[in-house]
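Record features, source Swiss-Prot:
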REGION    1-392  region 'Triple-helical region'
REGION    1-392  region 'Disordered'
COMPBIAS  29-38  compositional bias 'Gly residues'
COMPBIAS  81-91  compositional bias 'Low complexity'
COMPBIAS  147-163  compositional bias 'Low complexity'
COMPBIAS  164-173  compositional bias 'Pro residues'
COMPBIAS  230-242  compositional bias 'Pro residues'
COMPBIAS  262-284  compositional bias 'Low complexity'
COMPBIAS  344-353  compositional bias 'Basic and acidic residues'
COMPBIAS  376-385  compositional bias 'Pro residues'
DOMAIN    398-623  domain 'Collagen IV NC1'
DISULFID  413-502  disulfide bond
DISULFID  446-499  disulfide bond
DISULFID  458-464  disulfide bond
DISULFID  521-619  disulfide bond
DISULFID  555-616  disulfide bond
DISULFID  567-574  disulfide bond
């Protein structure tokens, strides 16, 4: 609450209160500023004698003294440094054969070996995208619109196929369905685009057009004419009867993220928080103004020398040099002085022979001697172990092996198989809406240079055309993420699989297990790689091709639902289109191996798809 008013003064002082508790230890005070110079104090008592002064500096070197008394017998001196190397003496007589010398020091480390060849690609790991979350409960279906009125005109005759009609008017928007009962979930990131729906049924055949004028008869066939101008749009026909119910569409993917909602209302005030911890001591305040000089204090009582510790005084000033003292006893040998070197003294008397010294430490290792003369040839050594089996004849048989990496990196040939060339993995071509397939196990599927349209077409009039029709090429794809827009120019490079053609000692074949186990190679054959059983493929216009199941091209090292991409030759772009399909051999469960009907299934998770695809292995016979 607020502070109360000051109370009235008491008439008399009360009794003294009880003794308070000792206060908490205060924080260390800050250093105060230097005070003003005080008045000179009273002369103190005589202090204790000071410490002995520090030794004075060295005096100048004295004059050379007279000859001293011969000293005591000295200790044997240290071994001197080895003298300089003597001159080369005359060659001595050949000595007897020496003892076998010690083992030499280990030699220097050998050079690093050459880089090994790239190993075969391992099996695909499990680093796929996790399974999608559970699907919410579908909302209530909206009301069905009223059917249109039936047409009045009778059906017309079947005419020639007319030009594509104009797009119809948009129909009225149906009423919105009721809100679903499922709780609202979090909106994930936009999913990949869904598959393209099935093509709709053909429209009714138009009326036959008028007959054209008769053409003139020429000797030579003319060039194809220019494209005609599109005719005027025909009148809209009467509405037709309602069609049959369509095939249910595929499950749609998650929609795109919706817009951000409006900010919510302000929440209620929270409860008051707990009291905070005690704060740190504040910074020192500013220095206050200098106070007035204080009064001179009274002289203090005489000091008690026993109660006060004696503080040693400062070293005294060096006193005057005293008189020269008497000659003292010979002291211990001092350290060498810094004066000038004196004159050499007279030679002393020869001392007695010293006691033989202790054996000195072994000397340093001498220099390496000169190389000896070559010895006589030794006896022949024992016969060595037989060497490993050779690689066979000095040439291969001319069989070709094609490897497709399904990445943007060139694959390495197996050990012992030289590489002939590298390139890009061509799957098939489409011209005049007809497909021409390439077996991925043959060398023709590895083109050295990539092009979205690697061919032209020619006619009997000696004229060739390039990039004037909607021709296409299809290539094995790499592991890059699916792009949202068609790729062009340098954007295409990371999406095309690389390949290599190698020379093999024998023909390679593929074996398929039709289950999840890796099939073994035949006896006396070795493995080149393992993979998944790739059967066939289709693209635009239901055109495509397939792989022979004995060909190595039917065993791709990695499984992908979209293993190839389409390149539009004329536009120079590539993309993964929704009408591209890949077909794979599947696993056959043991309970369905006796001519039983398969059960339909839809697999959306990558791991479940891999478990359904047959495994395979490519083998080659030992040479």
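One-based numbering along the chain as shown.
Here the Cβ of each residue, glycine as well, is placed from N, Cα and C on the backbone.
Structure with Swiss-Prot features highlighted.
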| residue | record | Cβ contacts under 8 Å, 6 or more apart |
| --- | --- | --- |
| 446 | disulfide bond | 402, 404, 421, 422, 423, 424, 425, 426, 499, 500, 501 |
| 458 | disulfide bond | 464, 465 |
| 521 | disulfide bond | 511, 527, 617, 619 |
| 555 | disulfide bond | 510, 512, 529, 530, 531, 532, 533, 534, 616, 617, 618 |
| 567 | disulfide bond | 452, 453, 472, 473, 474, 475, 492, 573, 574 |
Cβ neighbour count (within 10 Å, all chains shown) around residue 616 (disulfide bond):
25
Among 413, 464, 499 [disulfide-bonded residues], residue with fewest other Cβ within 10 Å:
464
Same chain, 6+ residues apart, C-beta under 8 Å of the C-beta of residue 502 (disulfide bond), given in sequence order:
400, 401, 402, 403, 413, 414, 417, 418, 419, 420
574, 619: which of these disulfide-bonded residues has the highest Cβ count within 10 Å of its own Cβ?
574
